[in-house]
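Please read the structure below before turning to the comments.
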Amino acid sequence: MTKQLLRSIDLRGQQLTLAQLRRAVPRAAADDTAGVESRVREIIAAVRERGAQTLRELAAKFDGVEQAEVRVPEAALEQALKELDPAIREALEESIKRAKLVAERQRPEDVAVQVARGARVTLRWQPVGRVGLYVPGGLAVYPSSVVMNVVPALAAGVSSIALASPPQKEFGGLPHPTILAAAALLGVTEVYAMGGAQAIAAFAYGVDSIELEPVDLITGPGNAYVATAKRLVKGMVGIDSEAGPTEIAVLADHTASAALVAADLISQAEHDPAAAAVLVTPSVELAEAVQAELRKQLATTKHQERVGQGLEGEQSAVVLVDSLDQGLAVVDAYAAEHLEVITEDAAAIAARVRNAGAIFIGASSPVSLGDYCAGSNHVLPTSGTAAFSSGLGVQTFLRGIQLIDYDRAALAQVAEHIVTLARAEDLPAHGDAVTARFREDSGESFGEV
Ligand SMILES: NC(=O)c1ccc[n+]([C@@H]2O[C@H](COP(=O)([O-])OP(=O)(O)OC[C@H]3O[C@@H](n4cnc5c(N)ncnc54)[C@H](O)[C@@H]3O)[C@@H](O)[C@H]2O)c1
Ligand SMILES: N[C@H](CO)Cc1c[nH]c[nH+]1
Ligand SMILES: [Zn+2]
């Protein structure tokens, strides 16, 4: 019998609760994360204690780089942009143009609500002051992630942007020149050659000796070390979603092309041996044809080794279901980073999906389109966190500040209610603070009510 790359999970004929579905869908074992977590805690503590010295030691250990400078000189950014291949520049410019169009239109408007006469509550969207953007650079080079991080930050009006990407041995300990060129193209000048959990810790706590000031918010994708570090510093700084190793789920029926489904699964397994590729289908014929296509396409794909590891890992599978209705329950329980819907009337099926980082509708909207040039953002929640968090966007870099503006008459209208509720909570001083405003000796001149 031919060996299948994706293991098979057969849910046909089973009525499963949400908890059972969550256990049934493929995901890497949780204890793997625990191993990463203890190493990441040590790295964060070392960066806090010894700053740039730790950054240099870890650059030597994980990136094979003897680092002279952690901060990338501005001349290197300019040089990289000057030497950028014109075709890559053109592609980056198209990607930036589309991402900008979407991010600028998605910026929420301030909302002022007249609650009563003389009583107004406004929600004012205020950009975060300083952000640290992470751009991965271990197994692949990600200038597209420079675009996805920087464009919404600029659209939100963030005034201080720092960017980090791992140092590369073949480029003298600087990040890959395409990363530097993309940063320069977008006008980012504060760039650091640092990667992994140590970069996240440096952003969160700052590093005095290299004049790296702490940031308020850290965004960007990365491997399990980066994603875990973001989770651990959360609370002290803000983070976007947990954007760890890539996941693709495809919900497909008999109308889908097995060759295209296999190509899409391979495209995302290409990121990382820990990447997940999941096909959910009621069609046994499609499942078998996709397995055959995967074997065929794996033989010629460039990053065969890590693609094979990703497909054969416990995090990947083909899930057989009775119907698209059951398939929808499975993809909702899985809450994929990327979900492709390739079925008859794909838009109607996609409209019923509740949990996914991004949904790609129909055969002409593959994940690769969203990775580079759709105008949508490719920094998306992984590990099931799409059930409660969103992908990166202009809103990630904004906070809503409430403005409360009542005149005296408007305050008088609710004064009694405030006093009553304050007493009910045994917090009478709250009520006193209101009644004091209506005493003649309050010292405040309110004019006529
Ligand atoms: N979810 C998303 O939005 C999204 C988007 C793009 C990429 N990604 C994911 O980003 C990841 C990129 O990963 P990558 O590895 O290529 O680059 P990366 O920059 O995320 O990680 C490289 C760094 O990991 C650290 N590291 C490596 N081995 C380590 C070890 N044993 N212990 C501690 N630290 C170690 C090193 O510091 C190294 O610089 C992939 O998993 C990809 O799927 C996710
Ligand atoms: N698919 C990745 C998001 O998980 C993003 C990416 C960047 N470059 C290629 N792909
Ligand atoms: Zn990708």
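Heads up, the Cβ atoms here are built off N, Cα and C, so glycines get one too.
TrEMBL lists Thr246, Gln268, His271, Asp371, Glu425, His430 as substrate-binding residues, and of the candidates His254, His338 the one it assigns to that same site is His338.
Most Cβ neighbours within 10 Å among the binding-site residues His271, His338, His430: this distinction goes to His338. In sequence order, Pro136, Ala164, Pro166, Gly195, Gly196, Ala197, Ala199, Ile200, Gly222, Tyr225, Val226, Ala229 are the residues of the same chain, not among Tyr134, Gln198, Asn223, whose CB sits within 8 A of the CB centroid for the NAD(+) site. Within 10 Å of the Cα of Asn223 (NAD(+) binding site), not one of the recorded positions from the list Gln268, Glu337, His338, Glu425, His430 places its own Cα. Around Thr246 (substrate binding site), the same-chain residues six or more apart in sequence whose CB sits under 8 Å from its CB are Gln268, His271, Asp272, Ala275, Ala276, Glu337, His338, Thr382, listed in sequence order.
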